[in-house]
Amino acid sequence: MLRVIGLGAVGSLFTYFLNRAGVVPEVVQRRRCGEFLFCVEGDCEKLKFREGGAADDVGYTIVAVKAYDSRSVVPHLKGVAVVAQNGIGGYEEIKEAYPNSVPAVVTYGVYREGCRAELRGVGEIYLPSAVSTLAELLERGGGRVRLVEDIEPYRWLKLAVNAAINAITALLQAPNGVIISSPYAQTLALEVAQEVLNVATALGVKMPRNPVEEVLRVASATAKNLSSTARDVAACAKTEIDYINGAVVKYGEALGVATPVNKALFNLIKARESLCNSG
């Protein structure tokens with residue numbers, strides 16, 4: 001038995017691949033969808049899953065909730081917890097409470113609205129080699145999966161991309177392509193990526209690709225997409241900024257590495273959240 005916690009963009013993607021591999025997972029979701037559609041190039045399929053969280057024979061629990069909800073999922077964890085989230089920090093919170101946990105990195109682009117999700121960009125799922133059985137299932141279902149011995153470099157590369165794109169697009173309320181079309185936005189984004197690289201280097205993490213180049217590649221490839229943070233800000237919803245730019249600032253302060261652009265963007269998003277909370 002496999003369990004998926006959170007039927008958002010990432011949770012629905014995993015469920016889709018599992019379905020295609022012949023697996024019907026158990027799903028724990030906050031907002032219940034009796035019927036959930038997953039669409040690829042206009043072709044929509046109804047996801048198959050069991051509602052609940054009562055099964056005991058769970059081999060893997062895929063955690064796909066927002067990073068700030070990490071602690072709330074701990075009572076639902078069984079087997080190996082595979083934590084697929086944005087940013088740095090959510091996995092660490094889960095690992096502290098539930099040691100049998102590993103991180104995952106997802107670079108697919110999925111847009112979710114209500115009880116429907118749409119694949120908007122094919123990427124990859126990076127998993128630690130310790131969860132090869134899960135990797136085989138996802139591959140059987142059509143997922144592009146890479147098993148890696150050390151997943152930390154991939155976590156930091158994704159952090160660099162998210163930190164460089166999400167906050168800027170949220171503040172501008174513009175799709176990711178603004179990072180390419182606006183020299184001002186691009187300057188900020190590349191400074192953010194360089195700061196993340198500096199922090200990662202101080203930690204001894206060597207990213208698999210140059211984060212500055214990766215930001216430009218991703219922004220171009222997803223030019224029409226609106227980042228999750230931009231959508232959260234537009235909806236006056238809580239963002240994951242504490243685990244994205246906030247995490248860069250936190251690690252930078254601990255290591256004595258300056259992160260002024262990340263700090264400015266972090267503070268601006270937090271100020272925007274405060275405006276929403278004040279009415």
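Start at 1 and count along the chain as shown; that gives each residue its number.
Glycine is treated like the rest: Cβ placed from N, Cα and C.
A 10 Å cutoff on Cβ-Cβ distances gives Gly6 (NADP(+) binding site) a total of 22 other Cβ atoms nearby, all chains included. Summarising the annotation, Swiss-Prot assigns NADP(+) binding site to Gly6, Leu7, Gly8, Ala9, Val10, Gly11, Lys66, Asn86, Glu240 and lists similarity to another entry as the type of evidence.
Annotation comment: Swiss-Prot describes Lys158 as active site, proton donor. When secondary structure is read from DSSP and collapsed to three states, Lys158 (active site, proton donor) falls in the helix class. The Cβ neighbour count for Lys158 (active site, proton donor), using a 10 Å radius and every protein chain shown, is 23.
Around the Cβ of Asn176 (substrate binding site), 25 further Cβ atoms fall within 10 Å across all displayed protein chains. Following the DSSP three-state reduction, the secondary structure of Asn176 (substrate binding site) is coil. The substrate binding site annotation in Swiss-Prot covers Lys158, Asn162, Asn166, Asn176, Asn225, Leu226, Ser227, Ser228.
Leu226 (substrate binding site) counts 17 other C-beta atoms within 10 Å of its own C-beta, drawing on all protein chains shown.
Distance from the CA of Gly6 (NADP(+) binding site) to the CA of Ser227 (substrate binding site) is 19 Å. The two recorded residues Glu240 (NADP(+) binding site) and Ser228 (substrate binding site) have their Cα atoms spaced 9 Å from each other. In this structure, Val10 (NADP(+) binding site) is part of a helix by DSSP.
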